[in-house]
Amino acid sequence: MATLTQKFHGLLQHPLEPLFLPKNDGTLFYDLPERFLTSRYSPIGQNLANRFGPNSPASSQVSNDTGVPPTVVTIKDLDELPDLTFATWIKRRDSFSLFNPEHRKAAGKLTKLFLDQPNADRLVDVAAYARDRLNAPLFQYALSVALLHRPDTKSVSVPSLLHLFPDQFIDPAAQVRMMEEGSIVLDENRMPIPIPMNYTATDAEPEQRMAFFREDIGVNLHHWHWHLVYPASGPPDVVRKDRRGELFYYMHQQLLARYQIDRYAQGLGRIEPLANLREPVREAYYPKLLRTSNNRTFCPRYPGMTISDVARSADRLEVRIADIESWLPRVLEAIDAGFAVSDDGVRVPLDETRGIDVLGNILERSAISINRNLYGDVHNMGHVLLAFIHDPRGTYLESSGVMGGVATAMRDPIFYRWHKFIDNIFLRNKARLAPYTMAELSNSNVTLEALETQLDRAGGAVNSFVTFWQRSQVDLRAGIDFSAAGSAFVSFTHLQCAPFVYRLRINSTARSNRQDTVRIFLLPRQNEQGRPLSFEDRRLLAIELDSFRVNLRPGMNNIVRQSSNSSVTIPFERTFGNVEQANAGNAQSRFCGCGWPAHMLLPKGNANGVEFDLFAMVSRFEDDNANVNYDENAGCDDSYAFCGLRDRVYPSRRAMGFPFDRRASNGVRSVADFVAPYKNMRLATVTLRFMNTIIDRPTN
């Protein structure tokens, strides 16, 4: 009997193959009512059942090969078939974009349809009917959101998009070679197909120095999964999450800071905000990605192209540059006035408590934006204008560039310029807020006596970080449609950092045991020319490495914290774990939380070594406490910094990015000035060195 996880994973696997074809490497069969077949296949339904159904020779072969009967999912007929016309206008093999308002609306309605089903079994039946009639990425997105938000499916892991649509992440040449390998070579003899490290440009393009970041599979999966956990449209109980708008700000602010830090290390300058949409876009990008659903490429952008108004009737999409130019002054006026106006005329303060959260939902135009008509859709429509810069009117029947998808947008250098522009709007609001007071920053109960790091190995170097290349493998069989059964491994090379530990010595003067919060940030020192950065620049580029609760006894406490326990990251297995492991119930492979990929915890640095300031503070738990129960060592609670906690409030009442999210008081000219008055803070100088060597990741 199929488990709930197997039923739903079968619906998600091989998204372009009809559901009547066997799934799970030929071991899972769906027994469908005949009227569930699409118009193409219903006239030959009996023939298909004889060839591919639960009683077919294919099913018998499974028993002969494994000695175990195949798993059969019997789909029950529905008394009333759901009306899917709200979504069927998006063609099954066309592109799908959460930045397109009409696509987003269809996704919200489909999510609601799935959420409204009375139980998980009925959801399986309804999803089985809808699957082959709808756009494949749309179906995957809506069903995944529903699985994450239904009480009766929360034990079902959502497979990584890499395993469902690998074409959005890997060199298309690798897919051709995978199909060749699968057609000719027996499973036990197949070799991983290597994906080149640099296949989108040569070193003649300076921006290619950052391809390791922009085109990292884990980084792009993080962006996709964040938008899965925090959908902008759908039923209110799905969209309305604690501090959703602030998380939109903070997650993007942190990835921009990480990107900028590595730009400096690679000899590249500041990210220039894309503030003028009428100027030519100097950056080019040739993504080298192919949508296998229709064999159309993600279109490139040539150097110096000019953004135009978008009017594409087939996509039900109409966006004018003037729209953004009219919305933006209203947003800035609200910031400068200190309040925004809701659609019912109420003034909503943009204060230190909720201001950034309100502003985040306004800029993303989520379903809980307080006034979508007045403040518009600045963020999403910027993505749309850039995604269709090559064919704004659909004259040449070209689909969008990578800026049109949440799983691909971060590959493009222009993503960072656009988001730097958006980030500056948030910073305008943050600049209005008063600096933190001494009472807010201090902790009279503790003294942070010492801070250092050490590489986690015998005799490991102190205050020294090491990064290097790592070659890993991932099995993409669940996303390769109409291909031979068996494994489909690719190998890819990505950044990795050597494991390390933090060592803190904390003296507690309290008379009893107490709990506090340790916050750890990394701050750059120099720009690309080796010149010192101002404190303001360093504050804005402080990247969060960890935050954790600590139990302190009276007197001296020696705290050791593993880098792998970071509250920012998720482990490799949760980013890349395969569908087969999840079907088997492997808890380590459950894709239950979003988070920054662990292999990107540290910046890359360079071979000469880059110096940073490591900052730690011990803040008062009573000021942080959000009265929420969570276990930092549990699989879904361990990476909350960018993603919060599932179904619970954010675990800290402090502003995200505290204490660097606000300007400092007058007189602070350096990080040392900032730390000096506070015995609960400490700095350490650390050096990050990149080793240009490739180490294979151990495989099981």
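Note: Cβ is positioned from N, Cα and C throughout, glycine not excepted.
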Site co-member for Cu cation 2 according to Swiss-Prot, given H379, H383, out of H390, H419: H419
Cross-link partner of C643 (disulfide, per Swiss-Prot) out of C594, C636: C594
Cu cation 2 site shell beyond H379, H383, H419, criterion: Cβ within 8 Å of Cβ centroid: F99, V378, N380, G382, A409, F415, W418, I422
When distances run from the Cα of H379 (Cu cation 2 binding site) to each of the recorded positions N198, H227, H252, E364, C643, the nearest one: E364
For N445 (N-linked glycosylation site), the three-state class that DSSP assigns: coil
Other same-chain residues whose Cβ falls within 8 Å of the Cβ centroid of H223, H227, H252, the recorded Cu cation 1 site, in sequence order: H222, W224, W226, F248, M251, L255, V406, A409, M410
Nonlocal neighbours by CB distance (under 8 Å) for C594 (disulfide bond), same chain, sequence gap 6 or more: H222, H225, W226, L228, V229, I570, S639, F642, C643
Rounded Cα-Cα span from H383 (Cu cation 2 binding site) to N295 (N-linked glycosylation site), Å: 23
Alpha-carbon distance [N507 (N-linked glycosylation site); H383 (Cu cation 2 binding site)] in Å: 50
